[in-house]
Amino acid sequence: MTAPSQVLKIRRPDDWHLHLRDGDMLKTVVPYTSEIYGRAIVMPNLAPPVTTVEAAVAYRQRILDAVPAGHNFTPLMTCYLTDSLDPNELERGFNEGVFTAAKLYPANATTNSSHGVTSIDAIMPVLERMEKIGMPLLVHGEVTHADIDIFDREAHFIESVMEPLRQRLTALKVVFEHITTKDAADYVHDGNERLAATITPQHLMFNRNHMLVGGVRPHLYCLPILKRNIHQQALRELVASGFNRVFLGTDSAPHARHRKESSCGCAGCFNAPTALGSYATVFEEMNALQHFEAFCSVNGPQFYGLPVNDTFIELVREEQQVAESIALTDDTLVPFLAGETVRWSVKQ
């Protein structure tokens with residue numbers, strides 16, 4: 001039996017789902033991504049959201065200004081879909097290379113999504129335009145009806161929104177983001193070449209027991225919420241199979257500690273510092289390291305029609321302890337796996 005590999009050399013990865021926030025928070029978190037990833041799809045759920053070409057250009061510049069010298073990083077901007085969005089603005093941004101994709105948040109599904117879409121019909125002209133110009137739609141796939149249990153919202157979304165939408169707009173490219181259920185894993189696996197998915201490290205590593213048994217762990221609380229272990233296992237099996245329409249999307253979502261550790265805590269895991277090593281650990285546990293590079297660095301560009309990165313990075317298999325916290329101007333940020341010993345990390 002061969003000893004496990006101590007170094008993994010892979011083509012530089014991309015993060016196809018990332019929150020960078022703004023202001024001081026942005027300046028703090030950007031380097032954790034720009035150090036490792038060549039590109040990242042940046043979420044538009046600021047307050048106010050990014051709904052115009054002008055706003056996206058300005059936000060992109062703020063991100064680039066926060067990238068340390070020596071990092072070669074390209075933020076890929078997205079447009080936040082609203083009921084009142086002008087299709088011409090969206091097309092202009094796409095044609096000018098400002099918008100890479102557009103993001104569909106059902107109204108009030110997650111952080112800063114109150115401006116989101118109230119119904120698919122309300123944005124049908126926009127979606128039809130996206131289908132025509134080949135612009136990908138990124139979907140937070142949960143229904144938000146009060147009568148639907150939070151653990152069932154993704155499965156309901158497939159049936160009531162996603163499938164009717166894809167039947168109606170058969171040429172639309174769709175990324176089902178941060179999938180968390182066996183239902184979604186099966187749906188994407190059985191779909192055609194115009195449907196892909198991202199998966200976060202926390203949904204591969206943990207299930208709802210980890211978050212709730214023996215005490216509530218607020219730093220594992222994110223949306224979509226962690227599900228049962230059968231769903232976690234389905235996600236792990238999907239990535240381990242080498243399926244090529246699933247790719248890395250951390251959904252790294254920083255919140256200051258006092259906003260996570262409170263009587264009404266915010267959803268989101270700040271996993272940018274530890275995500276890549278976490279994914280490597282999962283692939284190793286599943287005896288699937290041969291598919292790790294494709295998941296991180298090839299499948300995403302392939303789906304988006306972009307070139308793969310031409311530089312490489314190395315991960316090293318040696319135990320390291322994750323920092324307990326990261327300083328902010330007037331608070332701290334608790335990273336995913338804070339204080340824990342991890343098996344894989346990016347070689348500095």
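Any Cβ shown, glycine's included, is placed from N, Cα and C.
According to Swiss-Prot, the residue from His140, His219, His231 that belongs to the Zn(2+) 2 site alongside Lys103, His178 is His140. According to Swiss-Prot, the residue from Asp251, Asp310, Asp330 that belongs to the Zn(2+) 1 site alongside His17, His19, Lys103 is Asp251. Together with His19, Leu20, Arg21, Asn45, His140, Leu223, His255, Swiss-Prot lists one candidate of Ala55, Ala56, Ala234, Ala267 for binding substrate, that being Ala267.
The Cα of His255 (substrate binding site) lies closest to that of His19, out of the binding-site residues His17, His19, Lys103, His178. With every protein chain in view, the residue among the binding-site residues Leu20, Leu223, Ala267 whose Cβ has the most Cβ partners within 10 Å turns out to be Leu20. Listed in sequence order, the residues of the same chain lying 6 or more apart from Arg21 (substrate binding site) and placing their CB within less than 8 Å of its CB are Val29, Leu46, Pro254.
For Leu20 (substrate binding site), the nearest neighbour among the listed binding-site residues (Lys103, His178, Asp251), judged by C-alpha distance, is Asp251.
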